[in-house]
Amino acid sequence: DVAETQEHYKSRWRSIWIMYLTMFLSSVGFSIVIMSVWPYLQKIDLTADASFLGWIIASYSIGQMVASPLFGLWSNYRPRREPLVVSTAISVAANCLYAYVHVPHSHNKYYMLTARALVGFGAGNVAVVRSYIAGATSLTERTSAMANTSACQAVGFILGPVFQTCFTLIGEEGVTWKLLCLQLNMYTAPVLFGALLGVINIILIFAVFREHRVDDMGRQCKSINSDEEESDVLDQNAEGNIDHVAVVALNILFFVILFVFAVFETIATPLTMDMYSWTRKEAVFYNGIILSVIGIESVVVFMVVKILSKKTGERALLHGGLLVVLVGFFILLPWGKKLPNIQWQEIKNNSIPRTVPIEMLTPFWSLQEMQLQSNHTAEPVGCPVTQSWCLDTPMIYLAQYISSDALIGLGYPVCNVMSYTLYSKVLGPKPQGVYMGWLTASGSGARILGPVFVSQIYTHLGPRWAFSLICGVVVVSLLLLEIVYKRLIAFSIRYGRMQE
């Protein structure tokens, strides 16, 4: 090992900043069309229904789950520029395909499904990004770099819908270029913009990105998959076995963290519509504001944990983050006595009121009285009577919901950064591509299973069961963390090469 030169340091951090950009563009690729998928799908294919929309949304995570270990394995043995360029090129091509899904005369929804799956497949480069950052930073730099990576990802998720909103000014018709068979409108412009950003990213990878590697103490060493002959010497600190118990435990913890956040995102709209009698438009608008605020809160937390981790350590912060998430979901449990307004629809082919306070549902509240309260033009709102739990489950007050949002928005980013940081430190100086691929895949699997789980439990059993089970899952993860707590230490510390 040799001391790092100033030139090497600057080049190393330029390459890390390119990885930040890649992470940002990966999350933008997911979120930039998320609000317009459903209306675009209805426009291009009248046979598509809401259940197919679910498959289209899930296809991104499925593609990423499949691709992450593959790109990670590739990056272990070849220059990382290769999987980075190929994955980004796949995303660019997939975005172009999405812009043309209106052209075929049939099966348009399947072309859209394929396009979103390929965008997710391209986003499998997240494993390459994180494995590179893990190998190109010392232990003292690692937490800060991982926090910056997660912050770039969060900013991408926030700005994606903002870009989409800006492109709505083009309108549904937009401009048609017959020569290219291209319709440039509010649905296709965002993905073409995403494709342009991808091309810029590829150019920067070729022009700026270089393979660099340092050991846990920050001394430069030869990168195993470097494509250049450098004056670095081979790292001798890779000897020793990885603690696979700690690796598996962190994969499970990361799955739980992504799972509960996916549940939180999925349940927001139906929960607020049921509890507060919000219309679809109100629920999307208000929850959009809330999620944007949470996104900003997360970015702030990412910055703060870089400082806190130096005082408390990553394990303590992960433990604290999980506790905050637990309290957030515990607060969501129905505690009061007031029941939600009930939505009655089509009894004996008559229009029934938009909402009926549950306390008024007495034997004296006749069908005729209901009809007098009816509103033929308004969208039915309230807790649907088809969900039997609406009749006996207390409502969740708005103050509970807002408090829960704030706590989950605080705990989730802490858990996200600390799990990635601990994982990279446990793996040590050995190539981390495949391991990071499995971690990314576990997160993608959580984003697939979370919405399915909560939609079934919430619809059939209600919020009390749904949030109680989530609390139970978080408690089990806290117990797992306690069991493996002492094993979650850096590779170099485990083998006595560094002091904790």
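Just so you know, glycine gets a Cβ as well, placed from its N, Cα and C.
Features reported for this protein in TrEMBL:
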| type | residues | note |
| --- | --- | --- |
| DOMAIN | 15-489 | domain 'Major facilitator superfamily (MFS) profile' |
| TRANSMEM | 17-40 | transmembrane segment |
| TRANSMEM | 52-72 | transmembrane segment |
| TRANSMEM | 84-101 | transmembrane segment |
| TRANSMEM | 113-133 | transmembrane segment |
| TRANSMEM | 154-171 | transmembrane segment |
| TRANSMEM | 191-209 | transmembrane segment |
| TRANSMEM | 245-264 | transmembrane segment |
| TRANSMEM | 284-305 | transmembrane segment |
| TRANSMEM | 317-336 | transmembrane segment |
| TRANSMEM | 401-423 | transmembrane segment |
| TRANSMEM | 435-459 | transmembrane segment |
| TRANSMEM | 465-485 | transmembrane segment |
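Across the domain 'Major facilitator superfamily (MFS) profile' (15-489), the prediction's mean pLDDT works out to 81. The list of residues near the transmembrane segment (52-72) in space but at least 6 beyond its ends in sequence, with Cβ under 8 angstroms from a Cβ of it, reads 30, 34, 37-38, 41, 83, 87, 109, 112-113, 116-128, 131, 432-438, 440-441, 444-445, 447-448, 451.
For the transmembrane segment (317-336), the residues of the chain that approach it from at least six positions outside its boundaries are 253, 257, 260, 305, 308-309, 393-397, 400-401, 403-408, 410-415, 418-419, 422, 463-464, 467-468, 470-471, 474-475, 477-478, 481, 485, judged by C-beta separation under 8 angstroms. The highest tally of CB pairs under 8 A with the transmembrane segment (284-305), across 84-101, 191-209, 401-423, is held by 401-423. Contact count against the transmembrane segment (17-40) (Cβ pairs under 8 Å) is highest for 191-209, out of 84-101, 191-209, 401-423, 435-459, 465-485. Remote same-chain partners of the transmembrane segment (435-459), defined as residues 6 or more beyond its termini with a Cβ less than 8 Å from a stretch Cβ, comprise 54, 58, 61-62, 64-66, 68-73, 120, 124, 126-128, 130-131, 134, 247, 250-252, 254-263, 266-267, 270-271, 387, 420, 423-424, 427, 465-466, 469. The transmembrane segment (465-485) makes no contact with the transmembrane segment (84-101), as judged by fewer than three Cβ pairs under 8 Å among residues 6 or more apart in sequence.
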